[in-house]
Amino acid sequence: MRLILLGPPGAGKGTQAQRIVEKHGIPQLSTGDMLRAAVGVGTEVGKRAKAVMDAGKLVSDEIVIAIVSERIDQPDCANGFILDGFPRTLVQADATEAMLKAKGLDLSVVIEFRVDDQELVRRVDGRYTCAQCGTVYHDTDKVPVEEGVCDKCGSTHFKRRPDDNAETMIKRLEVYYKETSPLIGYYYAKGKLRSVDGMAEIDQVTTEVESILSKL
């Protein structure tokens, strides 16, 4: 089960990815986490990435693909994985497909989360997470059962991302529609795209996602 979750920031991809991980036991692969791990461990590609970052430059698609490739080769990905926040562009999508093909692998499905812009801005403007386990909360939509205590791990420490505000969100959406939304047509043309209503309640979205996964 090799998945890509596609949709604008705030569409609920992270929440649904967590649920897929818990139910199906496949890892959620974030390029940021993979990059930090590769640099920390000091793999060959990690050293290349560190040299680029130390020079204050952006890590190239080539290096990111190499890091994703390296991560997919690890044993916990044998039964599948979820790509989180990647690919972001058509160039990255082509490179990802070529990388998987070289391993004799293929994507199982790409799930698109559809949410209108006004709702996305509202969601992100009130979002915060548990600093310990990363569980996502919202000022009005999802607060901890016990005030100030994470439902999942019991931590009392929470954090808000500096860019989780309306002004920044509007800019992020502009980038998404320019660079990432073309992937919807790309994967539709390949017969890989399935869409869910990201405006629905979280549990209903999960039901839709599981319905898609059950047909794989």
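Heads up, the Cβ atoms here are built off N, Cα and C, so glycines get one too.
Here the structure is a predicted model, which means the values were calculated and not measured.
Per Swiss-Prot, the range carrying the annotation region 'NMP' out of 30-59, 60-89 is 30-59.
Under a cutoff of 8 A between CB atoms, and with a sequence separation of 6+ in the same chain, the neighbours of Phe86 (AMP binding site) are Ile4, Leu29, Ser30, Thr31, Val64, Val68, Gln92, Thr96. Counting only same-chain residues 6+ beyond the ends of the region 'NMP' (30-59), those with a CB under 8 A from a CB of the stretch are 66-68, 70-71, 84-86. For Tyr137 (ATP binding site) paired with Cys130 (Zn(2+) binding site), the C-alpha to C-alpha distance reads 8 Å. The binding-site residues listed here (Gly14, Lys57, Val59, Arg88) include no residue with a Cα within 10 A of the Cα of Cys130 (Zn(2+) binding site).
Beyond the ends of the region 'LID' (126-163), by six or more residues, the same chain brings 10, 14-15, 18, 169, 172, 202 to within a C-beta distance below 8 angstroms of the stretch.
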